[in-house]
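Notes follow once the structure below has been shown.
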Amino acid sequence: MTTEQRGQRRRPRRSSRSRQEQLALGDVTGASEFTVVDYQRRPSPRLGLFPRIANSEPAQDDEGSHSTLTLPSYSSSNSSARPRGDHMEGLKDNDRANRLAQGASLAVAPPEHEQWWTQRYLTITIMAVNTVVFVATLYVANFVFEPVGTNPMIGPSSSVLDEIGAKDVPAIHNGQWYRLFTTAFVHGGIVHLLVNMYALWRVGGSMEAAFGPLPIGCIYLVAIFTSSLASAVYLPNELTVGASGAVFGIVGAMLADCAQNYKIMPPQPMYLPILLLNIVLVLAVGLIPWIDNFSHIGGLVGGFLAGLVVLTEERPAGRPLYTKVLSGVALCLLVFLFIALSTTLSQGIDGNTSCPTCKYLNCIPAPFWGCPYP
């Protein structure tokens, strides 16, 4: 074999990216030989990973016969890592990311160099704040714990929790509206903190890795207020604390993601049923005493509506009309929910007066326990 023949048989120089991060797609809409893309996976807290095609920056290799598209991984700090929505016809050759068909098969793992902490800045920050506040709570209590019979969560007294910033409706009526926010960072005990932080890590961390910190932060903030307002309206005589309502808002956002983006999700038939089953189980556990189920319900509804507004992923051909309608309707309902709950709370109206049966959403009487109402 001559030197010239060997040169003709020489393969194009391989990309510097690992083989695990690359996938060869045969002749994709005008690519002369093949197109190599990196791929962004959408994590799910319970059912593995959801793939998504992210925005890309094309880079042409030395051979010039094909392109290498480098897509940012889901852990990128760029929260706008989403397709631009350009139409797939009439694009230049260097816009190959927008030429990918929606049904392209993409199945590679995230980059090996990505670390877990680079994907969940916001989640880790919220967990750290909750932990610091709990340590401060113990400091105020002189590290004295209440008996387990009084506080089964292994924590301080209710007076200390009230001093730190628990939801206290009479105090809110006296102008301490900040309690609607601070209550989500106060926890009743070690068990309470650990359970909520584990749930936040599993659910919030996965959603942040998929969508970025900004949209998930907005959803979390909305869920804090909708959960606190619902609790204040329907449980005005009880002191409550905890981040579970806000965490449940992220669960509501997972439902919103299914509603908004189901057409670009890979087929996982059991994902939605298992998600709904988990929601039902958590709400069922909330029917026993010592758990603020109205906070869970308020956070779930607020997170779902906020998710319909902000979790809107672009498609190569643009967003379908139904996703825009869902976002608009959800925004109107979210504003109405805030106004209705805030007005009811500011006027001192007990929600159970207008809805006598709503109390059974928070506690069902049983031979094993009593509920805080006749």
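Note that Cβ sites are derived from N, Cα and C of the backbone, with glycine treated the same way.
In TrEMBL, annotation is done automatically, which means it is predicted and not curated.
Residues or ranges marked as compositional bias 'Basic residues' in TrEMBL: 8-17.
According to TrEMBL, the feature compositional bias 'Low complexity' maps to 66-80.
Feature annotation from TrEMBL assigns compositional bias 'Basic and acidic residues' to 83-92.
The annotation domain 'Peptidase S54 rhomboid' is assigned in TrEMBL to 175-311.
Marked as region 'Disordered' by TrEMBL: 1-30 (among others).
Residues annotated as region 'Disordered' in TrEMBL: 47-92 (among others).
Proximity of distant same-chain residues to the transmembrane segment (121-145), defined by a Cβ-Cβ separation under 8 Å and at least 6 residues beyond the stretch ends, is recorded for 77, 151, 154-157, 160-161, 163-164, 185-187, 189-190, 193, 196-197, 200-201, 204-205, 208, 213, 216-217, 220, 243. Look at TrEMBL and you will find 121-145 (among others) tagged as transmembrane segment.
The feature transmembrane segment is assigned by TrEMBL to 177-201 (among others).
The annotation transmembrane segment is assigned in TrEMBL to 213-235 (among others).
The transmembrane segment annotation in TrEMBL covers 241-259 (among others). Remote same-chain residues near the transmembrane segment (241-259) are listed as 44-45, 126, 130, 161, 166-167, 183-188, 192, 195-197, 199-200, 203-204, 207, 216, 219-220, 222-224, 226-228, 230-231, 265, 271-272, 275, 278-279, 282, 292, 295-296, 298-308, 311, 326, 330 (criterion: CB distance under 8 Å, separation of at least six residues from the stretch ends).
The transmembrane segment annotation in TrEMBL covers 271-291 (among others). Long-range Cβ contacts of the transmembrane segment (271-291) within its own chain (Cβ-Cβ under 8 Å, at least 6 residues beyond either end) map to 44, 46-47, 152, 248, 251, 254-255, 258, 265, 297, 300, 361-364, 366, 369-372.
The transmembrane segment feature in TrEMBL is assigned to 297-313 (among others).
Taken from TrEMBL, the feature transmembrane segment applies to 325-345 (among others).
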Original post:
Counting each residue once, how many in the domain 'Peptidase S54 rhomboid' (175-311) are helix, strand and coil under DSSP?
Top reply: 105 helix, 1 strand, 31 coil
